[in-house]
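Residues or ranges marked as domain 'G-protein coupled receptors family 1 profile' in TrEMBL: 41-290. The feature transmembrane segment is assigned by TrEMBL to 26-48, 60-79, 91-109, 140-164, 197-216, 237-260, 272-289.
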Amino acid sequence: MKPENMSNTVKFVLLGLSDDLHLQPILFGLFLSMYLVTVLGNLLIILAICSASHLHTPMYFFLSILSLADICFVSTTVPKMIVDILTHNRVISYVSCLTQMSLFINFGCMDDMLLTVMAYDRFVAICHPLRYNVIMNPKLCWLLVLLSFLISVLDALLLTSMVLQLSFCTNLEIPHFFCELNHLLKLACSDILINNILVYLVTGLLGVVPLSGIIFSYTQIVSSVLKIPSSVGKYKAFSVCGSHLIVISLFYGTGFGVYLSSTGTHSSRKSAIASVMYTVVTPMMNPFIYSLRNKDMLRALWKLITRITSFLSCQMLLLL
C-alpha cells in the first residue's frame, strides 16, 4: 500500500505484554499505580523547586525540566496501554501510532540531552566553583534546555519522516505495548536497509556523544575531588553527584539492557517486558533518587506537602 493512502486505512495491533486474560487486571493495576506515582512524584519535584527560593539554582532548574520531560515521556505510552487493557481493544491507527512513536523518541532523547547538561553543570560546579555563577547564568541555562529540546525534536522529525516513506501490507501486529521504531521497520514491506543504517547512525550519534560528554565530565570531577585534602569536602562533592550518577546508570543501563535482550533473544515479548524498565520504571524512580539523597529537596518537599495538606484541610472545614 502506498504511503499516501495509509493514514485512513492502515491500523496496527499492539499485542501488549501478555495475552493471558487472568493477568490483565494485575497489569492494569500495576501500570496505573506506577503511572500515578511517576506523575505525582515528578510533579511534586517541580512544585517543590518552584516554591522554594533556595532551590532556584541551575542544578534544580535542570532537575525540574527533567521531571517535566519524564512526565511527558511516560505519558506517551502508559495511558494508551492502560486504556487498551481496560477496553480490550488493542488497535491503534496509523496516524496515532506514528504520533506516539515520534513523541516517545522526542522525550526519550530529551532525557538523554538533559542528563548530559546536568553532568556539565556538576563539572562546572566542582571543577570551576569560583566561576560557576558567571558560567551557569540564567541565559546559558535556558539556552542549553532549548538546544536539548531542538535536538530532540529534530531527531524525532527525522526518524518519523523516514517511517512515513515506508509502505505496510499485512500482518500489522506489533509485539509491544507501544509503537516502537524497530518493530515498525520490521513490519514494512519496503526495503529498510537505508532506514536501518540511518537509525543506527542517529541513535549512535545521540547516544555515544552525550555519554562521552558525561564520562568526560565525571572523569574531570573525580580528578578534582581527589585533590581535595579534606575528607568531608570529598564526601560533600561526591554526595552532590551521587543522585545524578545513579539516574545516569539507571537510564543507560536499562537502555543497553533492552538492546542486548532484543538482540540476544528471538522473543519480542521478552524484549517488550524488558523495555518496561526504561520506559516506566526509570521515570518513576527518578523522584525518589533525587529526593531521598538530598536534604534540601526533602525539606522543600515536606514544606510543600504541609502547605497542600493545610490548604485541603481548610477547604474541607469550609465545606462542612
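Our numbering is plain: 1 for the first residue shown, then up by one each step along the chain.
Keep in mind that glycine also has a Cβ here, set from the backbone N, Cα and C atoms.
What TrEMBL says about a protein is an automatic prediction, not a curated fact.
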Query raised in the report: Taking contact to mean three or more C-beta pairs under 8 angstroms, with sequence separation of 6 or more, is the transmembrane segment (140-164) in contact with the transmembrane segment (60-79)?
Result: yes
Report task. Quickly jot the same-chain residues contacting the transmembrane segment (60-79) by Cβ under 8 Å, restricted to those at least six beyond its ends, or write none. Result -> 31, 34-35, 38-39, 42-43, 45-46, 49-50, 100, 103-104, 107-108, 110-111, 114-115, 117-118, 121, 141, 144-145, 177-178, 279-280, 283-284, 286-287, 290, 297
Report summary line: Model confidence for the domain 'G-protein coupled receptors family 1 profile' (41-290), as mean pLDDT, reads 87
